[in-house]
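Trainee: Pulled these from TrEMBL:
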type     : residues : note
COMPBIAS : 299-316  : compositional bias 'Basic and acidic residues'
DOMAIN   : 1-58     : domain 'HTH lysR-type'
REGION   : 299-329  : region 'Disordered'
Amino acid sequence: MHLRNAELFCDVVVQGSFSKAAEVRRVSQSAASQAVHALEKRLGAQLIDRSKRPFELTPAGAIYFDGCQQLLRSFEQVEERVRQAVGQTKSRVRIAAIYSVGLAQMHDYVEHFQFLYPDVMVTLDYLHPDEVYQRVYENQAELGLVSFPKEDKDLTSILWQEQPMVLVVPPSHELADRGQCPVSAIEDEPFVAFTSELVVRQKIDRWLRKAGVHVQLIHEFDNIENIKRAVEAEAGIAILPLPTVTKEVQDQSLKVVHLEEVEWFRPIGIIQRKQKSTPDVVSKFIEVLHEDPANFSNARRESAEVNASDEEKSSNRDAFSFGPLIARE
């Protein structure tokens with residue numbers, strides 16, 4: 001139970017939201033909140049400062065989050081060693097991804113892959129970009145998902161997505177209903193940014209300088225979820241990849257404004273170590289990543305219908321051939 005709560009706690013931190021973590025784990029928001037509360041009660045320490053928006057980890061929470069991530073990785077490694085010891089080793093794909101790829105989005109890909117290949121074990125860790133590269137370098141991950149992938153003699157990179165960068169504002173903002181606006185319209189606006197060590201922040205700074213636009217830096221965060229929460233709280237505006245705000249736009253908690261006269265994109269790349277050949281299961285996962293998630297549920301439904309039809313035919317044959325035996329039982 002404590003391990004399950006630790007998983008939920010890590011998901012809440014990565015997502016920056018109790019509701020989003022609950023959605024991904026297929027539990028209620030109340031269950032996610034209770035899991036974190038149970039950990040806090042057991043530890044006698046507050047892990048999350050809920051009085052701030054977006055919420056923040058307390059010093060104790062930061063220590064616990066780091067420790068839980070290490071614990072969960074160790075648990076996976078122990079399970080793998082046990083499987084090896086009893087001769088039940090599965091094929092596996094280990095993925096390291098930046099936080100902003102999106103837990104819900106990746107969950108769809110992983111779920112569909114495991115539907116297609118149930119005997120393959122998939123692990124997915126969300127990390128700082130530098131840690132993603134490190135995992136791939138050290139063969140602790142077969143695949144890494146990063147933005148603005150860097151050239152490296154030891155790595156190969158495949159373009160996965162090119163995400164349009166858009167202006168994101170709270171519904172109350174004067175630009176909220178414009179639909180589109182020139183970049184100059186955000187001159188001197190309060191701005192919520194990525195932290196300066198991230199490549200996406202450096203790119204946005206460069207784009208704004210080239211456009212001759214100055215903004216007032218209000219907050220910096222190292223993940224998109226916290227940036228979105230700050231914009232929802234009307235702390236400022238932000239420039240974010242369009243796919244990362246789909247849910248908020250649907251919920252009408254954020255508005256998207258397309259920037260005129262510029263074409264800014266965030267490329268997401270699939271990185272892996274250079275090798276003579278890519279393992280078959282890794283190639284299959286890359287193929288799934290290039291499919292449209294909108295088709296995943298259709299594929300599962302069609303498969304279920306085929307299986308149901310086959311079972312019905314088999315049942316009819318069994319009833320005809322072995323009916324008397326079944327009747328005697």
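Heads up, residue numbers simply count up from 1 along the chain you see.
Glycine is treated like the rest: Cβ placed from N, Cα and C.
TrEMBL: automatically predicted annotations, no manual curation.
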Trainee: Mean pLDDT for the domain 'HTH lysR-type' (1-58), rounded to an integer?
Mentor: 85
Trainee: Could you count the residues of the domain 'HTH lysR-type' (1-58) that DSSP puts in helix, in strand and in coil?
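Mentor: The domain 'HTH lysR-type' (1-58) comes out at 37 helix, 4 strand, 17 coil.
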